[in-house]
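Let me begin by presenting the structure, written as structure tokens, before commenting on it.
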Amino acid sequence: MASASLLKTSPVLDNPEFLKGQTLRIPSVAGVRFTPSGSSSLTVRASSYADELVKTAKTVASPGRGILAMDESNATCGKRLASIGLENTEANRQAYRTLLISAPGLGQYVSGAILFEETLYQSTTDGKKMVDVLIEQGIVPGIKVDKGWLPLPGSNDESWCQGLDGLACRSAAYYQQGARFAKWRTVVSIPNGPSALAVKEAAWGLARYAAITQDNGLDPILEPEIMLDGEHGIDRTFRVAQQVWAEVFFNLAENNVLLEGSSLKPSMVGPGALSARKGPPEQVADYPLKLLHRRRGPVVPGIMVLSGGQSEVEATLNLNAMNQSPNPWHVSFSYARALQNTCLKTWVEGQENVKAQDFACAKSNSLAQLGKYTGEGESEERKKDMFVKATLTY
């Protein structure tokens, strides 16, 4: 966790308006600022990988393609395997991951795949390196680098994301193994505030992660997930998302992160999962686009939205709605369950069925990225809600 002395004062969260209605009051942290004498100009840090970082970001943001998130921890993967009666063994994880990445033609619709560390170093059941299979399909390999969440002392029962220790060495090793982008997922809970401390911690961690991974050749995906837990409406989600992203970009600037060599992975802005007020795709699309226009210019090549537990069809319809009018960014998907759920269910019917479903789900979201998805002919299985209340591990 970032120490209090490292957390800069923020023009966003130090505004008392943000603290209204919260049970926890966080005093402003006195940040040390150095003002050079005489005239000066801001120099944005650019590592020796700058050109490659920009190229990677643009490749991931190529038209009609998005990200397959298959970075579940071994424990979470075990829960998914258990749902179809399989044991959580390395052999079963290897077999399932092999099926996910080996669907013929998958690279037409998937530009990047986020891997768990085991997968990055794993071979397929045919003995080929997973990374090589992806590259042959034109899919950029990525890696999850955070180490999960722990309780955040002094907060409203909120969490902080660990993993900065040793990140530089790990990033360098992942690059050598073939990874070209990274993912760091931190979470913000609306029912618990969110407190100013939790938002500052999330933003600072994301910024430090981004700077470290860029220095080692990995394009950072920035994912401050606004959790779906709660009964709040969409306007409450929107207000919190604005505060979170403002704080994130403030800290990215403080850490001289090269935005052209990064990607954003925002939550779709919708009501809480327990809210009775569910909006149509057009409304769910309008709020995140409004947020992005207010908080981020077009310098970031790709906006890869996460599904956050929505059903496969709902997530695809919402993405399609976001692409009904021109955007200054590539707005696409970075889905895990929304791409995998039906594939997993069909595994018991045969391996080829998994590949077919994998291809079909990716194609549907490719159409949504192009604004051409209709939702016609989708199975009832793909329409099932997949919300699961957040825990401190994943």
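Note: Cβ is positioned from N, Cα and C throughout, glycine not excepted.
The annotation transit peptide is assigned in Swiss-Prot to 1-46 on the grounds of experimental evidence.
Feature annotation from Swiss-Prot assigns substrate binding site to ARG93, LYS183. Within the same chain, residues at least 6 positions away in sequence whose Cβ sits under 8 Å from that of ARG93 (substrate binding site) are ASN74, CYS77, LEU81, GLU118.
Feature annotation from Swiss-Prot assigns active site, proton acceptor to GLU223; the stated evidence is similarity to another entry. For GLU223 (active site, proton acceptor), the number of other Cβ atoms no farther than 10 Å from its own Cβ, over all displayed protein chains, is 26.
Reduced to three states, the DSSP call for LYS265 (active site, schiff-base intermediate with dihydroxyacetone-P) is coil. The Cβ of LYS265 (active site, schiff-base intermediate with dihydroxyacetone-P) lies under 8 Å from the Cβ of LYS183, ARG185, ILE221, LEU222, GLU223, MET304, VAL305, LEU306, SER334, each of these being in the same chain and 6 or more residues away along the sequence. Annotated active site, schiff-base intermediate with dihydroxyacetone-P per Swiss-Prot: LYS265, in sequence order, evidence recorded as similarity to another entry.
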Ask   = Other than its own, how many Cβ atoms are within 10 Å of the Cβ belonging to LYS183 (substrate binding site)?
value = 27
